[in-house]
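K.L.:
Quick one: the structure is below, and I'll ask about it shortly.
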Amino acid sequence: MSDTLKREAAAKALEDVRPGMRLGLGTGSTAWHFVDLLGARVREGLEVICVPTSEATDRQARDLSIPISDLDTLGALDLTVDGADELDSALNLIKGGGGALLREKIVAAASASMIVIADSSKVVETLGRFPLPIEVNRFGLGATRHALDGVLKKHGAEGEIRLRGADGREPFLTDGGHLILDAFFGRISQPEALSRELLDIPGVVQHGLFLGMCSKAYVAAPDGVRTLLKTN
Ligand SMILES: O=C[C@H](O)[C@H](O)[C@H](O)COP(=O)(O)O
């Protein structure tokens, strides 16, 4: 996705921001543009209070003098704007390509609504082409992988599970100090059941399926930005 398209989707989401809102700020290269544009509006006098979903977004927002708070102080938010790795027509998502899925899900769940900004290449008929990020505790990794293998098999996964960043280097660590396992499903035909089964594994901290959380998506393409709304 070109930066121009990312910025166009981000600019559209900015139109939904009202003075006084408590905002969740997403993570990733598309959310970066939203935070950047929001920073310009804050400089012009827009009053909002924001909760970032990662250390990276926290740094970006502070550099732009965007007022920052946290969920301990605010408890609930009005709106979260975030990117996604995949979205389907029901606005179910795969997120976590950048490893921020746990904080992103906590912040989105605390928000009255969630808007996703993305380009049209992220829209899929069935989720699962993008490897599903699964955040796991370091302790008991072998047992967690073993349990995950069973879940992947049951759901007809086309591929395997990979520990992120582990190819000869230190594995990738999330902001919460956990590991990420990327699971290659190919297609996820029963996302709700898969979500429950993953969360039933004690070593799984969270996964990147965001089901029923997103209310609206702005999808940018060369011929303009489309608005997708949650139907159910
Ligand atoms: O962990 C990262 C987030 O879920 C991102 O929002 C997601 O990976 C999309 O990122 P990008 O906008 O860079 O494609």
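Using N, Cα and C of the backbone, Cβ positions are placed for all residues, glycine too.
The model shown is predicted, which means the values in this text are computed figures rather than measured ones.
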K.L.:
Pick the one from LYS122, LYS153 that TrEMBL also lists for the substrate site with THR27, GLY28, SER29, THR30, ASP82, GLY83, ALA84, ASP85, LYS95, GLY96, GLY97, GLY98.
P.N.:
LYS122
K.L.:
Most Cβ neighbours within 10 Å: which of the binding-site residues LYS95, LYS122 is it?
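P.N.:
Comparing the binding-site residues LYS95, LYS122, the most crowded Cβ belongs to LYS95.
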K.L.:
Rounded to the nearest angstrom, how far is the Cα of GLU104 (active site, proton acceptor) from the Cα of LYS122 (substrate binding site)?
P.N.:
18
K.L.:
Can you give me the same-chain residues 6 or more apart in sequence from SER29 (substrate binding site) with a CB-CB distance under 8 Å?
P.N.:
ASP3, LYS6, GLY83
K.L.:
Across the listed substrate-binding residues, THR27, GLY28, SER29, THR30, ASP82, GLY83, ALA84, ASP85, LYS95, GLY96, GLY97, GLY98, LYS122, what is the farthest Cα to Cα distance, given in whole Å?
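P.N.:
Across THR27, GLY28, SER29, THR30, ASP82, GLY83, ALA84, ASP85, LYS95, GLY96, GLY97, GLY98, LYS122, the widest Cα separation comes out at 16 Å.
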K.L.:
Whole-number Å distance between the CA of LYS95 (substrate binding site) and the CA of GLU104 (active site, proton acceptor)?
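P.N.:
Distance between the two Cα atoms comes out at 9 Å.
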K.L.:
In angstrom units, rounded to an integer, how far apart are the Cα atoms of GLY97 (substrate binding site) and GLU104 (active site, proton acceptor)?
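P.N.:
Distance between the two Cα atoms comes out at 12 Å.
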